[in-house]
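Structure first, commentary second.
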């Protein structure tokens, strides 16, 4: 499952520099975006950091770019179905308790645009996020962690922090749980599987109506 990745080892060189990079990229930048950046620039910032992440991945070296295309074999469809069902059920329960008027509203009132979201969300949002938070994270920064369990927890935490700009505890919980699923999926089955899970989760959330929490236009800073 994890033989492709390098974990922390005694006498490891360059650890301090890696820690500085990690804190800058996965902690300082998300906090700065959440505090200072206009929500309308979300996709521009995502595009910029996707390109920066790919450049850093290339700079790291020893990465087989073919890894991005491996894993398109038979998926575990039962696991995918279970993941989709849990995502759907959790979204319905949360909306029922917090914003029942939003449940399936977008799907009912603008289903054509929902189809557009279903087509482009996997490409324009899920794909660059997976490149940064799974591929770059585990290939370049995996050596900061003692093993896969510690790395997966850290990955889920920084993935949740990256969504701080929404200023929502609901978003924080959902993205932490999603980060766990995507990280485990990436380690076990590769990039295509993690990307597929992320795309499914995002499309389900928007279809149910969770866009009221995940839509940048609805962001309200608490200060």
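Here the Cβ of each residue, glycine as well, is placed from N, Cα and C on the backbone.
For reference, TrEMBL has these:
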DOMAIN    113-200  domain 'CAAX prenyl protease 2/Lysostaphin resistance protein A-like'
TRANSMEM  18-36  transmembrane segment
TRANSMEM  80-99  transmembrane segment
TRANSMEM  111-137  transmembrane segment
TRANSMEM  158-187  transmembrane segment
TRANSMEM  193-215  transmembrane segment
Interface check, the transmembrane segment (111-137) with the transmembrane segment (80-99), three or more C-beta pairs under 8 A: no
Tertiary contacts of the transmembrane segment (158-187) (same chain, 6+ residues out, Cβ under 8 Å): 1-2, 5, 26-27, 30-31, 33-34, 37, 39, 42, 83, 90, 94, 98, 129-130, 133-135, 137-138, 148, 151-152, 193-194, 197-198, 201, 205, 210, 213-214, 216, 219-222
Contacting positions for the transmembrane segment (193-215) when only residues 6+ beyond its ends and CB under 8 Å are counted: 71, 75, 80, 83-84, 87-88, 91-92, 94-95, 99, 102-107, 114, 117-118, 121-122, 125-127, 129-130, 134, 166, 168, 170-171, 174, 178, 181-183, 185-186
Sequence-remote partners of the transmembrane segment (18-36) [C-beta within less than 8 Å, at least six residues beyond its ends]: 45, 49, 53, 56, 137, 140-141, 143-144, 158, 161-165, 167, 221
Tally of residues which DSSP labels helix, strand or coil - the domain 'CAAX prenyl protease 2/Lysostaphin resistance protein A-like' (113-200): 79 helix, 0 strand, 9 coil
